[in-house]
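Sharing a structure here in structure tokens format.
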Amino acid sequence: MNLAFRAASEAAEHQQSDGGKGRTVVVDLGNESQVVHVPRFLPFEDSWNAYGLKASLQTLHVYTSQPRDTCYVASAGLPGVAYSGYKPHAYSWDDYPPLKDILDAVHKALPGSSFNSLLLNRYKGGNDCVGWHSDDEKLYGPTPEIASVSFGCDREFLLKKKPSKKFQGKNREGERPSKRPKMIEHPDQHSFMLKHGSLLLMRGYTQRDWFHSVPKRAKAEAVRINLTFRRVLE
Ligand SMILES: O=C(O)CCC(=O)C(=O)O
Ligand SMILES: [Fe+2]
């Protein structure tokens, strides 16, 4: 366990008061990819209010043509981010002081980390979602660490292994497959219930080798805010 993992799990142990439910889980995805889930990262019973987040987000300018609202916050002078044909305006940390406080909490829990940007997603209800994707944009480098903090409604977060490039669309001899019955592969999947106040870290080659998503959930009625802290390489 490296330093950052230890810090995260110590933070969780600190906040544990219910005999183990809030325990940190480290999932080794293989090939130097890892996910760390800290269910009780923020110690506050009501983190929304503790961070003044709800009030601050009333004024948030969001991009809404996706099945969720998004907003991008970044330190000054970074190259612009573009994904899915969308180039978000970069807000400054000073526009949303509560986000800066949460960033400080994340940095404290993960010694050595220095996130300089944040993508905020607001899921207004169970119909809002994010489809399968990976955050593998070049500007994050080959092994980005992404720290995801969740508020509000519990939502499921799924990880699915990308198909191995070696055999994509071809059989083992490198020929196009004939009319043989199709082999159905069951790719590795992982699921995490991301609760209010939780932290999920993706690191190593997780973006290169895995997709992730937050699927629609009919029963998820309340709003959820997710913050993904990232480091744009300068
Ligand atoms: O809402 C989440 O938990 C994930 C968000 C996400 O994958 C992203 O912003 O790239
Ligand atoms: Fe993502």
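Cβ atoms are placed via backbone N, Cα and C, with glycine included.
Annotations in TrEMBL come from automatic prediction, not curation.
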If TrEMBL says ASN121, TYR123, HIS212, ARG224, THR228, ARG230 bind 2-oxoglutarate, which of HIS107, HIS133 does it name for the same site?
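As annotated by TrEMBL, ASN121, TYR123, HIS212, ARG224, THR228, ARG230 share the 2-oxoglutarate site with HIS133, chosen from HIS107, HIS133.
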Does anything in the same chain, at least 6 positions from TYR123 (2-oxoglutarate binding site), have a Cβ under 8 Å from its Cβ, and if so what?
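Looking at Cβ-Cβ distances below 8 Å from TYR123 (2-oxoglutarate binding site), excluding near sequence neighbours, one finds ARG68, CYS129, CYS153, ARG155, VAL214, ALA220, VAL223, ARG224, ILE225, ASN226.
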What is the interatomic distance between the Cα atoms of ARG230 (2-oxoglutarate binding site) and ASP136 (substrate binding site), given in whole Å?
11
Residue counts in helix (H, G, I), strand (E, B) and coil for the domain 'Fe2OG dioxygenase' (114-233), per DSSP?
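Residue counts in helix, strand and coil order: 10 helix, 49 strand, 61 coil.
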Fewest other C-beta atoms within 10 angstroms of its own C-beta: which of the binding-site residues ASN121, THR228 fits that?
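Counting other Cβ atoms within 10 Å of each of the binding-site residues ASN121, THR228, the minimum falls on THR228.
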